[in-house]
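Swiss-Prot annotations:
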MOD_RES   V2  N-acetylvaline
MOD_RES   T8  phosphothreonine
MOD_RES   Y20  phosphotyrosine
MOD_RES   S23  phosphoserine
MOD_RES   T30  phosphothreonine
MOD_RES   S83  phosphoserine
BINDING   R127, T128, Y129  (9Z)-octadecenoate binding site
BINDING   R127, T128, Y129  hexadecanoate binding site
BINDING   R127, T128, Y129  octadecanoate binding site
Amino acid sequence: MVDAFLGTWKLVDSKNFDDYMKSLGVGFATRQVASMTKPTTIIEKNGDILTLKTHSTFKNTEISFKLGVEFDETTADDRKVKSIVTLDGGKLVHLQKWDGQETTLVRELIDGKLILTLTHGTAVCTRTYEKEA
C-alpha cells in the first residue's frame, strides 16, 4: 500500500499553513517565507526504509525511517522531535512529539492527489500535492 505514495509530488494548494506554523511558535519572518514556497516532496523506498525529502527555496529536509519505529527528527523549523510514521487505513500517519506537545502530519491519496493534513492543537492545515510525471 505504501507504494502508491512513492514518487515526486509538487505543492499546488495550501490552506491555513500560516495558522498551523503560528500554533507551532514559528516566527513571523519565517512564516512569511515558508508560506510563499511551493515545495516538492519526494517519497522513496529502499527495502523497508522509507525516505521523505522535501525541497524548496526555503529549506531542504530529508528523513529516513522504518514504519512503526520511533526516530529522532529535526524539523524544517528546527524543532528536535521524536517521530513515528505508521500506515493506518491507507494513510501515512506521521506523529511528532516534543516538550509535551505533539503534531500529526497525515498523508492520504484522494483522486490521484496527495493530501497532507497538518494538525497541532486546534490548528489544522491542508496542503494538496500533484504527482509529477
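These residue numbers are counts, starting from 1, taken along the chain as shown.
A Cβ is built for glycine as well, from the same backbone N, Cα and C atoms used for every other residue.
Remember, it's a predicted structure, so these values are computed and weren't measured experimentally.
Distribution of Swiss-Prot features across the structure.
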residue	record	contacts (Cβ under 8 Å, 6+ apart)
V2	N-acetylvaline	K45, L50, L67, L87, L92
T8	phosphothreonine	T40, T41, I42, K131, E132
Y20	phosphotyrosine	L118, T119, H120, A123, V124, C125
S23	phosphoserine	H120, G121, T122, A123
T30	phosphothreonine	M21, D77
S83	phosphoserine	I63, F65, E70, F71, D72, E73, H94, L95, Q96, K97
R127	(9Z)-octadecenoate binding site	L11, D13, S14, K15, F17, I115, L116, L118
T128	(9Z)-octadecenoate binding site	L11, V12, D13, S14, K113, L114, I115, L116
Y129	(9Z)-octadecenoate binding site	W9, K10, L11, V12, T41, K113, L114, I115, L116
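In three-state terms derived from DSSP, T8 (phosphothreonine) belongs to an extended strand segment. The octadecanoate site, placed at the center of the C-beta atoms of R127, T128, Y129, has further neighbours from the same chain whose C-beta lies within 8 angstroms: W9, L11, V12, D13, S14, K113, L114, I115, L116, T126, E130.
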